[in-house]
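Undergrad: Mind having a look at this structure? Questions to follow.
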Amino acid sequence: MMESQPLQEPTATAPAAGEEQAGAPPAVVPGKEFTRTCKGLVVVLIGGYVLLQLLPSSLNYLAIIPSKTIPYVWTVFTAGYIEQVLPGAIGSSLGLLFCGKDIEPVWGRKEFLKFIILVNSICGILAFCFAIGLYYVTGKESFLVTPLSGFHGCLAGFLVALKQLLPNLELPMCFFWKIKAKWMPFFVVCFSSIMAFIVPDSINFLPTLVSGMYVSWLYLRYFQRNPLTGLKGDPSDDFSFPSLFPAAMRPVTDPVANLFDRMLCARSRPSEVALPVSDPTKASRRRERGERVLEERLAADHAVDTEAPAHGHGTAED
């Protein structure tokens, strides 16, 4: 697995000599090449689309159809890799390539694949539950027979990961308009919500998008092993739940964030809760300095232990 790099914003300035000697790790920078893992997953997405064109009946066994999910339980795990239309297959492939080249080098292949499998699986379960709920609320049978599938839930999770790793990275939207990565999750939720009212069929995508962002934030915030501090999650203020929304919405988001902290922070080990930090770089330097001091003390104690027997043996000979 590739070396994990620190979660800090990219910078064009070279680190100072003192920082370099202190063991400050290099900054996270946008990736330059598409990774082999992402290329392999693109083959899976395109292959799934081609399979549906050759064998349309396979959709019943690969996508989530709420009325058939109970006998075909595996569909909640396979639906995330099945694109039903060509624009979806192309868009998901491009999103995977461009997001993956920035995320995988920092996390490593194993963690990257773990994230994709986790988000896609939970999004599938939540999409099924949401469809059943809409059926009982509205009474429309279309929610039970509409096939649900697509990689868009995981793409939404990638946007949350980019907010954590490269918050100031400018992502192109259309023509000359760009938006910073830290605002992309909120923008996508707003845009998808508006489209759900304009195009009623697009409401099927909204639960998966929201679930992908929500699940990925929970995992990255509370459960992923932070490669910088060695702690579970990312306790920094820049990745708190209110940071996903504009400051004007804090009266609503702050109570939700406090609820998350009370429910999930207590599950962390005491040693992990006792050392929350807001600056990962400073935490890394403090940890490295502490390790060096500990090694020096152990070396000094070892030297004293080896000198004592030698001194005693010399006294006996005299």
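Yeah, the Cβs are placed from backbone N, Cα and C, and that goes for glycine too.
What TrEMBL records for this protein is below:
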- 1-25: region 'Disordered' (REGION)
- 8-25: compositional bias 'Low complexity' (COMPBIAS)
- 41-64: transmembrane segment (TRANSMEM)
- 76-100: transmembrane segment (TRANSMEM)
- 112-137: transmembrane segment (TRANSMEM)
- 143-162: transmembrane segment (TRANSMEM)
- 183-199: transmembrane segment (TRANSMEM)
- 275-318: region 'Disordered' (REGION)
- 288-318: compositional bias 'Basic and acidic residues' (COMPBIAS)
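Neighbours and distances for these, please.
TA: Tertiary proximity for the transmembrane segment (41-64) is limited to same-chain residues at least six positions away from its ends with a CB under 8 Å from its CB atoms, namely 72, 75-76, 78-79, 81-86, 88-89, 92-93, 96-97, 100, 116, 124, 127-128, 131, 147-149, 151.
Long-range Cβ contacts of the transmembrane segment (76-100) within its own chain (Cβ-Cβ under 8 Å, at least 6 residues beyond either end) map to 31, 34-35, 37-39, 41-42, 44-46, 48-49, 52, 59, 62-64, 69, 112, 119-121, 123-125, 127-128, 147-155, 158-159, 161-162.
Within the chain carrying the transmembrane segment (112-137), a Cβ under 8 angstroms from the stretch's Cβ atoms is held by residues 37, 41, 64, 66, 69, 75-77, 79-81, 100, 103-104, 143-144, 146, 148, 151, 153-154, 157, 161, 207-208, 211-212, 215-216, 219, 224, all 6 or more beyond its ends.
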Undergrad: Against which stretches of its own chain does the transmembrane segment (183-199) lie, if we need a Cβ under 8 Å and a gap of at least six residues from its ends?
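TA: The answer is 156, 159-160, 162-163, 171, 205-206, 209-210, 213, 244-246.
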